[in-house]
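Copied over from TrEMBL, here are the features:
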- 3-77: domain 'Cation-transporting P-type ATPase N-terminal' (DOMAIN)
- 49-77: transmembrane segment (TRANSMEM)
- 89-108: transmembrane segment (TRANSMEM)
- 253-275: transmembrane segment (TRANSMEM)
- 281-308: transmembrane segment (TRANSMEM)
- 683-704: transmembrane segment (TRANSMEM)
- 716-734: transmembrane segment (TRANSMEM)
- 755-780: transmembrane segment (TRANSMEM)
- 820-837: transmembrane segment (TRANSMEM)
- 857-876: transmembrane segment (TRANSMEM)
- 896-922: transmembrane segment (TRANSMEM)
Amino acid sequence: MEDYLSLDAKKIEKNYDVNLEDGLTDKQVEENYQKYGKNEIKTKKNEHWFIIFLKALVEPILLVLILAAIFSITAQLISNKGKVEPEEFIDAIVIVTIVLIDAILETVQKMKARKSTNALKNLSKPRAVVIRNGQQQEIDASELTIGDVVVLEAGRYVPADLRIIEQSDLYVDESILTGESIPVLKTHHPLKQKTDILAEMKNIAFMSTFTTNGRAIGVVVRIAKETEIGKISESITNNSEELTPLEKKLNKFTYWVAGLSFIIGIIIFLTLFFSGNQEAWANYLMVGITLAIGVIPECLAAIVSITLSLSTKKMASENVIVKKLQAVETLGSVNYICTDKTGTLTQNRMTVKRLIINNAIQDATNFEYKSSKQKDLFLKAMVLCNDSIVEGGERIGDPTELALVDYSEIHEYDDKIVRKKWKRVFEVPFDSERKMMTTVNIIDDQNHVFTKGAIDELLKKCNKIMINDEIRPITPEDIDSMMSLYQDLSEHALRVLGFAYKIADSDNNKKELENNLTFIGAVAMIDPVRDSAVRAVQLAHDAGIRVVMITGDHASTALAIARDLDLAHSKDEVLSSDDLNKMNDDELAKIIEQIRVFARVNPEHKVRIVDALKKHNYIVSMTGDGVNDAPSLAKADIGVAMGITGTDVAKDAADVILTDDNFETIIKGVNEGRNVYQKIKRAISFIIGVNLANVLSIFILSSINTISPLDATNILWMNLIVESIIALAIGMGGNDNTLMKVKPIKGKNPILQGLWYTLAKIIFFTSIATIGGFYLGMIYTTNQEVSDLTDGKYTSWFEALRAKDISYSTKTSLQSHGRLTMFITITSAPCFFANFIKLSNWKASKKINLIFNKTLWIASFCSIMINIIIIFIPVFNSEVMKLPTLDEYTTKNWYLIAFSVLIAMLPGIAMLILDGIVFFSYHYLPDPWRRNQLISSEFVSEDIKAKKLKKKQKRKSL
């Protein structure tokens with residue numbers, strides 16, 4: 001720290017070349033701008049929208065799609081020997097369009113989040129009152145420079161780091177920097193000893209802290225990144241951004257799909273090459289590339305982005321601003337929520353709850369007496385011995401004093417009227433040594449002395465006590481009784497403040513004002529727990545999420561609040577900063593899972609807490625509002641900043657911003673995140689299951705017939721149109737609130753975990769139906785048709801398709817009926833079974849309830865209609881889809897279409913029956929069989945996890 005801590009006002013004036021009365025001149029300001037710059041903290045530079053767009057394009061899942069487009073173009077060039085018409089590139093064009101749409105969605109979401117964040121910042125843009133050229137003027141805080149003389153008043157934010165040179169009862173709330181919730185009394189005197197501890201720098205007002213009381217004049221000694229807050233901001237700006245859990249899972253999944261696609265393409269090409277006519281290698285390569293493309297979920301990137309975008313839009317309406325799409329899922333994956341107490345779990349508004357009066361504790365809501373004398377004095381003392389100001393929506397002053405004004409207002413003692421009627425003529429300000437404040441007010445032409453302060457210190461100054469309006473000498477028994485009541489209230493986290501009075505002579509020695517007082521009573525106040533926070537904590541517990549409270553309060557106070565929230569119940573669950581400092585990181589990690597409350601914690605401790613939890617593979621969320629919270633917000637898997645009380649630095653470091661500063665809003669975000677992840681998993685199981693079923697059925701038929709029954713266009717139609725419509729409908733489905741009854745999976749589990757049963761049944765039943773659909777069409781191919789196409793060489797379509805002396809184009813014509821029925825089956829089957837991928841609530845009591853997703857049923861119907869309609873579109877049906885033209889349709893073709901639709905229904909029916917068997921065997925058969933069913937379905941295993949969690953919570957409550 002520079003020497004200005006130990007310099008007096010004259011030396012400050014000399015060192016900074018400033019006249020303390022007149023301030024800097026305009027010329028000096030310009031010179032200092034050139035020398036030191038302006039007072040602007042440069043947060044992380046916003047990327048241009050085009051850079052965001054380019055970064056989205058190179059995400060692994062989109063790179064695979066670009067690779068698929070290249071494969072598609074290559075396949076067309078090989079198949080047509082370089083002679084390709086523009087319409088042959090439609091597959092690649094569609095894939096590239098999907099890539100662009102996904103990148104645009106990602107860019108738009110980030111720009112929207114940035115706009116919302118900037119709007120929140122602009123709401124809190126600070127101003128400063130400065131003396132320049134001998135005159136006071138108000139300017140933007142960013143226009144300050146070194147040497148400026150700044151005027152501070154209660155209710156203003158400190159605009160830069162100031163060396164205080166003159167002050168009157170200046171109290172500053174430094175909680176955003178130090179974590180200490182109680183305002184600090186500042187001084188203008190030089191410090192005798194140098195210090196690096198911020199809390200000991202009593203003559204410095206730090207940038208972005210808040211003045212709660214008093215007035216001061218200070219000289220700007222540090223600006224921008226040189227301020228304490230600027231240093232923290234600079235360290236956060238330099239942090240690298242980590243991938244979210246969803247991004248990591250999708251990236252791994254993408255690599256897995258890309259590898260599987262390549263392997264399948266090679267296997268299919270080699271199988272056809274060695275089993276068929278080797279001169280048709282180009283056609284076989286085309287089939288291999290086609291099926292490799294068929295494995296790739298071309299629509300997945302768009303589905304994920306659209307699903308996340310819809311969720312972020314919904315969350316924004318519920319006061320949650322998500323800065324990055326993938327953060328939605330991360331919020332849903334959290335195992336631990338580390339949250340601040342003040343303003344998040346509590347109301348951030350001190351409230352009078354109890355009274356100590358007549359040697360007894362009384363509920364503050366029942367403050368009535370037969371006589372009003374004692375009540376009148378008590379309420380007058382609360383208002384008159386008080387410096388806070390409440391006017392309109394503006395509240396200026398110490399939170400404790402504001403609570404007294406609020407309480408008096410309830411009893412119709414308006415602070416403005418009372419203070420105007422009984423004016424203050426003298427005061428002795430509060431200080432930390434006396435722990436008291438005294439005022440003298442004129443009431444009925446008499447000097448009434450009102451004193452408030454710590455009850456133990458105040459009782460030492462009292463020689464009388466008022467009991468039921470009667471004044472009598474105070475006794476040791478009275479004092480013991482009061483102290484016992486005080487201890488009882490303190491143990492419940494209530495802050496107790498005593499009040500006394502006396503009538504003084506006009507010539508009474510001012511030094512004796514605080515002696516021989518009459519004790520009136522005391523108030524006990526607390527920052528009450530939010531009702532919504534109690535509900536939210538219970539919801540978190542039901543969801544298997546551990547909530548940890550982090551506070552700057554003492555351990556006893558923190559435990560009392562935690563008990564009200566049902567967070568902790570014993571001292572063993574509380575860890576204070578003193579004990580935390582004695583532990584190394586490994587020791588902390590060993591006991592971290594048993595701790596529910598961290599007391600007297602500094603911001604540096606928060607980073608250690610996050611690290612310790614991450615060592616156990618937990619997904620950690622951290623809330624914060626101060627600049628000092630920024631490192632822990634950045635360190636957590638998902639940082640949550642407060643939108644109202646949060647600083648700009650905290651908002652920049654966070655992934656999510658709560659515009660209402662409410663803990664319950666976090667739980668809403670968790671619910672949405674869990675549902676988003678489940679929707680994405682369902683969409684993936686649907687897309688991958690269908691793709692693999694299609695590839696398997698085409699591979700089997702190609703191996704038997706030495707020709708692919710469908711080409712790249714048919715498969716891409718399936719992947720890009722049919723799957724997109726259905727998967728998007730899955731993503732738009734309603735939320736399943738039962739997910740908040742299931743414990744989150746610990747660790748970074750793969751995205752396909754728990755989906756193997758679903759994938760297996762989709763692949764098995766769909767491939768059988770698809771192959772059946774193909775042979776249904778081929779059965780209707782007559783011997784005469786085969787003979788005509790093969791110039792009389794063959795009459796059996798089965799023999800003709802396997803023959804090596806039949807050209808590839810002839811075989812394509814031979815299987816036209818099979819292509820038609822297979823196309824109808826392969827595009828219609830998913831529309832039916834998509835609605836049965838999951839039976840609703842396995843946790844329901846022995847009763848099957850099918851999920852009814854109206855959007856999904858409508859999408860399924862529309863998809864079937866589209867598939868049938870495109871069969872009849874001229875040119876498109878024959879040239880693009882390689883299906884029969886309209887003039888080729890006979891009654892037989894119509895029968896084939898009808899039978900194909902019926903076959904397409906069979907997989908859905910079979911899956912429904914199989915799930916019913918698993919469900920009933922789970923609920924009704926003996927336990928050994930029931931346990932065997934756990935490997936069958938992710939939903940059954942979720943049920944077991946939920947029951948285990950419920951039993952564990954029940955045992956804990958006992």
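Just so it is clear, glycine is given a Cβ too, placed from its N, Cα and C backbone atoms.
Predicted automatically and left uncurated, TrEMBL annotations should be read as such.
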Per Cβ pairs under 8 Å, the stretch of 89-108, 253-275, 281-308, 820-837, 857-876 packing most closely against the transmembrane segment (896-922): 820-837
The domain 'Cation-transporting P-type ATPase N-terminal' (3-77), counted residue by residue under DSSP: helix, strand, coil: 48 helix, 3 strand, 24 coil
Result, the transmembrane segment (857-876) in contact with the transmembrane segment (89-108) (3+ CB pairs under 8 Å): no
Of 49-77, 683-704, 716-734, 755-780, whichever stretch has the most CB pairs under 8 A to the transmembrane segment (857-876): 716-734
Tertiary contacts of the transmembrane segment (281-308), as residues 6+ beyond its ends and Cβ separation under 8 Å: 59, 61-62, 64-65, 68, 71-72, 74-75, 78-79, 81, 91, 95, 98-99, 101-102, 105-106, 109, 250, 257-258, 260-262, 264-266, 268-269, 272-273, 325-326, 328-329, 676, 679-680, 683-684, 687-688, 691-692, 694-695, 698-699, 702, 707-708, 710-712, 715-716, 718-720, 723-724, 727-728, 731-732, 808
Selected stretch (most C-beta pairs under 8 A with the transmembrane segment (683-704)) from 253-275, 716-734, 755-780: 755-780
Long-range neighbours of the transmembrane segment (755-780), counting only residues six or more past its ends (CB under 8 A): 681, 684-686, 688-690, 692-694, 696-697, 700-701, 709, 797-798, 815, 817-822, 824-826, 829-830, 833, 837-838, 892, 895-896, 899-900, 903-904, 906-907, 910-911, 914, 935-938
Other parts of the chain folded back onto the transmembrane segment (253-275), taken as Cβ under 8 Å at six or more residues beyond its ends: 60-61, 63-64, 67, 281, 284-285, 287-289, 291-293, 295-297, 684, 688, 695, 699, 702-703, 706, 750-752
Beyond the flanks of the transmembrane segment (716-734) by 6 or more, those residues with Cβ under 8 Å of it: 72, 91, 94-95, 98, 293-294, 296-300, 302-303, 306-307, 310, 679-680, 682-683, 686-687, 690-691, 694, 826-827, 830-831, 834, 851, 853, 855-856, 858-860, 862-863, 866-867, 870, 881
Rounded mean pLDDT for the residues that make up the domain 'Cation-transporting P-type ATPase N-terminal' (3-77): 85
